[in-house]
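**Q** Here it is, the structure, as structure tokens.
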Amino acid sequence: MGGHKPPRKQKNHRSQRGQPSSSSDPSMEGRSLPSEYDLDQESEQPTPAVQLAMWDFGQCDAKRCTGRKLARFNLLKELRVNAGFGGIVLSPVGTHCVSREDYPLIKQRGLAVVDCSWHRLTDVPFAKLRCTAPRLLPWLVAANPVNYGRPCELSCVEALAAALLICGEEETAHLLLGKFKWGHSFLSLNKELLKAYSECKDSAEIISAQNAWISKQQNPQAFHDSDDGLPPLERNFNHMKIEAEEESESEESEE
């Protein structure tokens, strides 16, 4: 014996397999991992029913560019200049108006727009854009804050939404316009025209409907208050806000 003591058994301090360690990150305490429901909600964001694309020539103010905003929402794809597009392309070089007869091609190959400034059209290399089906838009009035009330000077989102509405793809058109506070104004200003265009079966009928509408207007650029109480063109609050921001920015730069 001699007073000899047997060695003590050492306790196993290792955590059991599959159990969290006692030295876990304290910053994670009280937090829970995302549930399957949360992951499903993120993956179920609304998406366009047709493929949308855009050629961006960087001529517009990036902060106000509606096409870039749609791209940030993953609602359209940005194309390179030399990239081809097999669907319908909204372009000033078109010879026919977009109409319901184009919808099968839009459904199959998509819809694209050329993002450029209306004041710099001559700088755009339209000849390099490889598209087989360029189309024009009929007479419509812009509702965006930059060109509010100006006929035919639509923004990218207005052009895409107009083409989709004319072809009967209303859900996707409303999805795009819903990303902008002034989107409903475009629908209100052009309500009758969009309805008339959507009832036309081809480009020739749309031209007839356009000419009939313009001939009925003594002054096509004069509009009255709409039924839903929107302000008249000369008092558009969106436009006034943009002008106020520009004035404040110029005053700050002078100081």
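We number each residue from 1, going along the chain as drawn.
Note: Cβ is positioned from N, Cα and C throughout, glycine not excepted.
Pulled these features from TrEMBL for this protein:
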type	residues	note
COMPBIAS	1-16	compositional bias 'Basic residues'
REGION	1-45	region 'Disordered'
COMPBIAS	17-26	compositional bias 'Polar residues'
DOMAIN	51-82	domain 'RNase L inhibitor RLI-like possible metal-binding'
BINDING	T66, V114, L137	S-adenosyl-L-methionine binding site
DOMAIN	88-214	domain '16S/18S rRNA aminocarboxypropyltransferase Tsr3 C-terminal'
REGION	220-255	region 'Disordered'
COMPBIAS	244-255	compositional bias 'Acidic residues'
**Q** Would you list the DSSP helix, strand and coil counts for the residues of the domain 'RNase L inhibitor RLI-like possible metal-binding' (51-82)?
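**A** Output for the domain 'RNase L inhibitor RLI-like possible metal-binding' (51-82) reads 7 helix, 8 strand, 17 coil.
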**Q** Which residues of the same chain, at least 6 positions away in sequence, have a Cβ lying under 8 Å from the Cβ of T66 (S-adenosyl-L-methionine binding site)?
**A** N144, S155, C156, V157, E158, F180
**Q** Take the Cβ of L137 (S-adenosyl-L-methionine binding site) and count every other Cβ within 10 Å, whichever protein chain it belongs to.
**A** 23
**Q** Could you give the maximum C-alpha to C-alpha distance in Å for the residues T66, V114, L137 that bind S-adenosyl-L-methionine per the record?
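**A** The span, Cα to Cα at its widest, is 18 Å.
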**Q** For the domain '16S/18S rRNA aminocarboxypropyltransferase Tsr3 C-terminal' (88-214), jot down how many residues DSSP puts in helix, in strand and in coil.
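**A** Helix, strand, coil within the domain '16S/18S rRNA aminocarboxypropyltransferase Tsr3 C-terminal' (88-214): 63 helix, 18 strand, 46 coil.
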**Q** Given the recorded S-adenosyl-L-methionine site (T66, V114, L137), which additional residues of the same chain have their Cβ within 8 Å of the Cβ centre, ordered by sequence?
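**A** Other same-chain residues near the S-adenosyl-L-methionine site: G67, L90, V113, D115, L154, S155, C156, V157, E158, A159, L160.
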**Q** Taking only the residues in the domain '16S/18S rRNA aminocarboxypropyltransferase Tsr3 C-terminal' (88-214), give me the average pLDDT of this model.
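**A** When the pLDDT values over the domain '16S/18S rRNA aminocarboxypropyltransferase Tsr3 C-terminal' (88-214) are averaged, the result is 91.
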